[in-house]
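Student: As annotated in Swiss-Prot:
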ACT_SITE  176  active site, proton acceptor
BINDING   10, 11, 12, 13, 14, 15, 34, 96, 119, 120, 121  NAD(+) binding site
BINDING   83, 89, 121, 152  substrate binding site
């Protein structure tokens, strides 16, 4: 049986890590695309030479031509300008919007049947623009955000309780930014909700609120530490989880930036919600019942996303025609 083909648009830190993880998980052959001559080719060769050591079979190719992504089963878009210290994800909007238009056109021409995962920031607006530019079905284009945000929250909670990360579950909704909505009612340790752990004295409300704040600032914390560039290991691993669920039809329930069609009371936006990812792409959205406070936070987050989408529409009006 022929191996799946995974195309990575952007061969930077995230793209290179994605290629490595795809190889290690034996998800398929990999094409690295980047406009910087030599970078995708060099990384592809390095990864190919790693495969005998790591013990996997996969073909790696580097290119600066979109035609080389032809027939890709999965396309993961990471291309764009990363954040620098002091910048928010929103500061990247105008320049990365142009990248999404170019990537969308390339995907539409050469990989129209692919499942597309957007990683580029500001995420919720960029995945919206990428779907508009590509014209692909909305359920075949998603954004990577909630998996990463929830993973950060899981790690912080595991550290707080001094337990294995494997026993911690977490759920983060809303936009991939300062207004994201961590839902503590749905965060558990071995099935025990965090609010119950507060009641039995394992932690305090103040400490949990500090963890929520740290989760919202998780990306910025890494940007400040690195000084140049942004997180790449965890974002790549998060996108690979989504790709694997699609390629293997695992039907995992993952928090992703998914297209809303009335769920949660919103339409025509990509917002972070739990969704089933399988061979048909976004197969179902899980619509949680939110209490009054959660609903207010979620609506604030959606309003932030809407503002970014409106800004995209003003910069590139052809996307909404």
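Each Cβ is built from the backbone N, Cα and C atoms, and glycine gets one as well.
Show me how these features fit into the shown structure, please.
Tutor: Classification of residue 34 (NAD(+) binding site) by DSSP places it in coil, neither helical nor stranded. A sphere of 10 angstroms centred on the C-beta of residue 34 (NAD(+) binding site) encloses 22 other C-beta atoms.
Taking the Cβ of residue 121 (NAD(+) binding site) as centre and 10 Å as the limit, one finds 28 other Cβ atoms among all the protein chains shown.
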Student: State, in Å as a whole number, the widest CA to CA span among the NAD(+)-binding residues 10, 11, 12, 13, 14, 15, 34, 96, 119, 120, 121 given in the record.
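Tutor: Max Cα-Cα spread across the NAD(+) binders: 17 Å.
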Student: At the Cα level, what's the spacing in Å between residue 119 (NAD(+) binding site) and residue 176 (active site, proton acceptor), rounded?
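Tutor: That separation, Cα to Cα, works out to 10 Å.
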Student: CB neighbours of residue 152 (substrate binding site) within 10 A?
Tutor: 25
Student: In the structure shown, which of the binding-site residues 10, 12 has the fewest Cβ neighbours within 10 Å?
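Tutor: Least crowded of the binding-site residues 10, 12, by Cβ count within 10 Å, is 12.
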Student: Rounded to a whole number, how many Å is the Cα of residue 83 (substrate binding site) away from the Cα of residue 176 (active site, proton acceptor)?
Tutor: 14
Student: What is the total of other Cβ atoms whose distance to the Cβ of residue 14 (NAD(+) binding site) is within 10 Å?
Tutor: 28
